[in-house]
């Protein structure tokens, strides 16, 4: 398994804590991975150095020195930090996906034990055989990609000896393996067949349970296949080769480029290249992170312990489907039955002392608070001040020793060392490695928060599925939620030191009301065989749900399955919290980052000294910018130290004790307190208006919003005309009640509607006050109609169909505009809902029938020209108002012409002669009617079927 070290990071405050404790671990460390490579490199380095000093002539030395300077100068052309950073980031993400893809049989076991109940031999045999096949499929798939598992199960005979396979089953697999090699899915097919047989025999009560069991088996098969595929589909070989070539080529260049030649300026690494060795450990260690995580199924210290997982899965499966199926606690009232919602759970003395001074989080969030100017708790100053104090003490001690304790020769050597350290400190790409590492830790930290289980969804599902205020219904609901919260706290005890201080033993669970004595005895018996039993209370809760379904407290199988699914999801979150705590960031990665940071700080102790040879001595007494750099880099590292284990006792760690109390109170409130009192159905205040106006403001919020610009319309603000880049934007004016944005798409649509609402205004000023016929007041003035139009548009309960022109005004010659909003809405709906193609065809048709007078109209010509182009898209915003108005005139004129033609060709049925027949001539009909057939338009002429 990955080297577990998160428990050493329970707190990151203080000097010598945190990552410094990890530098002395050997298993899975960077030293264990790179020492052989470093030994080979140093051997070659010193061999070349001795050859240079004792085996070369003067001319050869000059050539060698030229070659060394060339390698030193051009070795920086390789962008090693970029290449390694992105490559390691890719490999780490893939490593976590490979862990998530591993199959776990817990959900299948829980579903099988709640679906196939009973302690008769047939029911036990079915449950155990199903889970044996499931575990066989898991081990069979692991043996295909893990060398450690293959060493344990090299042949099918070893599966037989392990009890996962019988002889008959082995023979069947031997026959099948001649045609298909990878047969991990065959045991899952056998398991699905047994589930179908159990349904036929009535062991599974409903088709819903049968289908749910099959769904879980299908999901298990997908995980087995995904594990195989992730192992087969590797990181592209070319990517791995590029990174490997870059690293090893760089250090080949360093064999020459980092030699200390006789004419070199600095001669302090004459015998040992200190910073080059540190750079070698750093870069090669970074590469070893990727090499270790590319295949986490192997035999490295940080690889997954698949053999442990196999044993754990088999024991857990058999315990769930057999051991637990015969021991279920009775339903009893919890200690908070009368109080309904419990008070805070009790603390031990140790946990109470640890909780003092900690702030309880507020569900409303702290973003409503006005920030203070300084915050000490959880700040970077609190985390780094001790380390910074130690660094400054050593820094000033070296400075005093240089000024008052060295002679001239020693000072000269000290100055050489300082210059060399200042130059060599830039060899470590600290920003890159810290940036990638802290991002990885932040992503993991957020995943750890999301993995924490919260029982709210289960409580909501239980309270809607098991209704009623009788004692049995209350007892079922409260007991289910007590078991759910017990499982959550039980799992938190395993990874949080603060929660363990509060619940160190099972008796503390009993004292807190989460467990009774009978349940404690059952857990004590099971703990003799297995340790992590957080899932046991969840199986009890699932059994109660099944019991409620059999008693018809739950009305349907879909409700039962919904409750079971939520419990399974809750179990996954509990298990994931444990696994995230167990599967740490690889130790080698953490050590590489820690070494890089602290080696940089050590180099700064000498490299940032202000010696007599320095020209700039502004930081003679206080190294201001060096202190700032230390705060930034060390604070950056402390971020990772704090978030790597957020279940500890740092200021920024998760408040799990508060979360426990919050979950328990919320659960009981939802399933008990809220189950008795529901509000009646009432109409909301905006029932008649349908769509509410803007909600009211308080005086404070209205003052805050007064000068804020309005957000863009839903149609987008890209239609707005941009202002000049050199012209400052005018300050926003206070909004009046009738304020509207003028330069948006919605305002253009409103302008189209307003223009179509009324007849065109007279051009002469004298006639502006004249009202048209049918209007008793000057109501047709556009400015006076806007309020009525807006009121009319707010209701959508009116008929939404688009009426014809005759429905709007019975006579086109004298339109009824006493109710302009209805006419405006109708025509606006026509323009808005009609497609462009329809409007174009209308314009083309009218162009043939139109008279010369209207053809010379400017607006009509523009509309007709647009129609002739045959464009199938909507017109631009600038053309829309004019085209819409022209379209309205075309529609009105068409209706007027049709009405005139109908008036000319009206045929009265009484005027038709009695002796007329279809064979009579056309003249007979012509003399009998009041018009001619030739005067009819194509649309008005009867069809052949009508003539008959």
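Cβ atoms are placed via backbone N, Cα and C, with glycine included.
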Stated TrEMBL location of transmembrane segment, expressed as one of 587-606, 647-666, 667-686, 687-706: 587-606
Within-chain partners of the transmembrane segment (74-92) [C-beta distance under 8 Å, separation at least 6 from its ends]: 235, 239-240, 242-243, 246-247, 249-250, 253-254, 257, 283, 286-287, 289-290, 293-294, 429, 432-433, 435-436, 439-440, 585, 589
Residues from the same chain, set at least six apart from the ends of the transmembrane segment (587-606), whose C-beta lies under 8 A from its own: 2-3, 5, 19-20, 22-23, 25, 27-31, 33, 88, 92, 275, 278, 281-282, 285-286, 288-289, 292, 301-302, 391, 394-395, 398, 417-418, 421-422, 424-425, 428, 430, 433-434, 437, 440, 626, 629-630, 633-634, 637, 640, 644
Most Cβ pairs under 8 Å with the transmembrane segment (38-54), selected from 237-256, 383-404, 618-636: 237-256
